[in-house]
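Have a look at the structure below before the remarks.
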Amino acid sequence: MDPNTVSSFQVDCFLWHVRKQVADQELGDAPFLDRLRRDQKSLKGRGSTLGLDIETATCVGKQIVERILKEESDEALKMTMASAPASRYLTDMTIEEMSRDWFMLMPKQKVAGPLCVRMDQAIMDKNIILKANFSVIFDRLETLILLRAFTEEGAIVGEISPLPSLPGHTNEDVKNAIGVLIGGLEWNDNTVRVSKTLQRFAWRSSNENGRPPLTPKQKRKMARAIRSEVRRNKMAD
């Protein structure tokens with residue numbers, strides 16, 4: 001096992017413990033508490049994958065952090081913080097929308113890289129909007145916290161969430177997972193739109209219907225589907 005993987009996990013465990021103490025003293029805001037819950041699930045998954053005990057890892061992580069802080073001067077710390085880019089946390093959904101339980105009549109689940117896509121295939125002929133809570137850095141989506149698909153009535157019919165056992169994902173991973181979700185929902189004649197916030201930071205552009213632009217792969221797939229439909233119609237005639 002890569003020692004850097006182990007030490008990274010140990011430090012993450014200790015830093016989560018520190019953040020938990022902040023939350024226990026009621027010093028964290030809603031985004032802070034949201035990330036805390038998500039990171040807890042991620043650490044449990046990583047611990048299971050690595051075969052490491054979280055409590056033991058937290059103690060070792062504390063030693064690593066204390067050693068670094070002891071060796072680092074205040075001036076070096078100030079320079080590091082000044083040069084580090086700051087990320088922003090953006091929210092399409094309220095805490096209630098993020099934490100609400102939902103169920104599927106015809107469940108479908110697919111793993112798209114480090115992300116899990118879930119949707120209800122029983123939903124048909126609905127207008128659906130995708131909302132997400134995520135962090136942004138350099139005006140690009142950095143980390144997806146949670147994405148959910150809502151009908152006009154407010155019902156949740158789909159979701160994309162990071163897999164706890166596979167931490168870390170890219171902007172492209174998120175776009176691919178959204179493509180899977182949109183494709184699954186549109187298969188049943190639903191009309192899907194993406195929130196303006198998600199359009200801006202995931203794609204930086206969209207068409208007039210609020211849809212993200214199709215990738216070359218998606219365009220080729222659509223062209224094949226259209227050609228196939230045309231051939232079937234000619235044979236029927």
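For all residues, glycine too, the Cβ spot is worked out from N, Cα and C.
Since we're looking at a predicted model, the values are computed, not measured.
Under the heading compositional bias 'Basic and acidic residues', Swiss-Prot lists 226-237. What Swiss-Prot lists as region 'RNA-binding and homodimerization' is 1-73, and the listing cites sequence analysis. Positions annotated as region 'CPSF4-binding' by Swiss-Prot, on the basis of sequence analysis: 180-215. Annotation source Swiss-Prot lists region 'Disordered' at 205-237. According to Swiss-Prot, the region 'PABPN1-binding' annotation covers 223-230. If you look up Swiss-Prot, you'll see 34-38 marked as motif 'Nuclear localization signal', on the strength of sequence analysis. Among the features that Swiss-Prot reports, motif 'Nuclear export signal' is placed at 137-146.
Applying DSSP to the region 'RNA-binding and homodimerization' (1-73) sorts its residues as follows: 61 helix, 0 strand, 12 coil. In terms of DSSP secondary structure, the motif 'Nuclear export signal' (137-146) contains 0 helix, 8 strand, 2 coil.
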